[in-house]
Amino acid sequence: MMKRALTGIQASGKQHLGNYLGVMQSLIELQEQCQLFVFVADLHSITVDFQPQALKQNNFDLVRTLLAVGLDPQKACLFLQSDLLEHSMMGYLMMVQSNLGELQRMTQFKAKKAEQTRNPNGTLNIPTGLLTYPALMAGDILLYQPDIVPVGNDQKQHLELTRDLAQRIQKKFKLKLRLPQFVQNKDTNRIMDLFDPTKKMSKSSKNQNGVIYLDDPKEVVVKKIRQATTDSFNKIRFAPKTQPGVTNMLTILKALLKEPVNQSLTNQLGNDLEAYFSTKSYLDLKNALTEATVNLLVNIQRKREQISREQVFNCLQAGKNQAQATARTTLALFYDGFGLGSQNIK
């Protein structure tokens with residue numbers, strides 16, 4: 001039987017190269033190997049302050065980008081989290097099975113809590129949604145009973161909580177649940193900032209020259225890569241501790257060479273990048289990285305422009321219907337186990 005995989009992506013603004021290589025590229029591979037569910041996590045987006053118009057546009061832009069990079073609605077189920085009320089219900093069921101202590105010890109919550117101010121009466125001015133976020137995530141996952149959940153390091157603790165909750169529910173309510181396995185793409189899990197390669201590439205970076213966005217035009221990509229941080233070793237090799245900037249560029253280039261649009265460049269550089277660049281300069285590395293990046297982005301941008309709002313809507317409606325069939329089956333299982341619903345009074 002084909003394994004089932006699930007991932008959720010927040011539509012929090014423009015997508016960058018780190019998003020593509022860290023998540024999207026692996027989804028294109030997974031849709032060929034698994035029954036893949038991909039949802040836009042818009043319920044998670046509203047756990048912090050948000051603007052409705054921006055949320056709607058971000059949702060549209062993300063779905064259009066996912067389709068442009070190669071996610072195929074015939075092979076993967078793509079949908080909006082908020083289109084299925086089952087997500088909210090499962091999130092609530094997970095919340096009542098969790099306890100305050102385990103939610104408060106989540107690293108992301110503690111970090112965001114430290115950034116918050118206090119109200120005049122001394123209470124913390126922090127949205128409750130930030131605290132219950134991991135419970136909703138656990139509900140998202142268990143609703144589809146996946147075998148595989150691709151994750152980044154920043155979500156690993158939340159996913160460990162999901163497994164804990166699943167085991168707790170299995171023991172207490174005698175439900176048979178799949179315990180999902182969490183997988184990471186070790187090569188591209190942490191694409192770093194080009195300007196400051198000690199930090200992960202992020203749209204919140206203070207210096208935007210270190211972030212390559214999927215809608216960046218060629219001249220902007222050329223400028224950003226040309227200004228990328230290197231070092232004084234003048235040696236091109238994978239050395240994360242001593243040469244983080246060069247290592248980051250090699251990592252990105254290696255991942256980009258998997259793309260069909262870079263086949264000719266792959267033939268030129270070969271499989272051993274350290275060997276190829278052993279007699280080359282940092283400028284040669286930057287030129288190769290620029291070519292590979294521009295090839296990818298031009299292809300994505302061209303395809304994005306061809307995707308209409310109607311296509312996005314139709315894709316999401318089809319995905320909603322497909323996802324709902326699975327979600328309702330799972331939620332019915334939980335209702336029976338918990339003793340919820342009028343059907344349990346017959």
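Cβ atoms here come from the backbone N, Cα and C positions, even for glycine.
Summary of the site annotation: Swiss-Prot records ATP binding at GLN10, ALA11, SER12, GLY18, ASN19, GLY152, ASN153, ASP154, LYS200, MET201, SER202, LYS203, SER204. Screening the candidates ILE191, ILE212 against this entry identifies ILE191 as the one listed for that site. Sequence-distant neighbours of ASN153 (ATP binding site) (same chain, 6+ residues apart, CB-CB distance under 8 A): GLN184, ASN189, ARG190. Across the structure, ILE191 (ATP binding site) and ASP140 (L-tryptophan binding site) place their CA atoms 26 angstrom apart. Applying an 8 A CB threshold to same-chain residues 6+ apart, the list for SER12 (ATP binding site) reads SER45, ASN58, LYS203. Across the structure, MET201 (ATP binding site) and ASP140 (L-tryptophan binding site) are spaced 26 Å apart at their Cα atoms. Non-local contacts of ASN19 (ATP binding site) by the CB criterion (under 8 A, 6+ apart in sequence, same chain) comprise ILE9, LEU214. Proximity of GLN10 (ATP binding site) to non-local residues of its own chain (separation of 6 or more, Cβ distance below 8 Å) is seen for VAL40, ALA41, ASP42, HIS44, SER45, given in sequence order.
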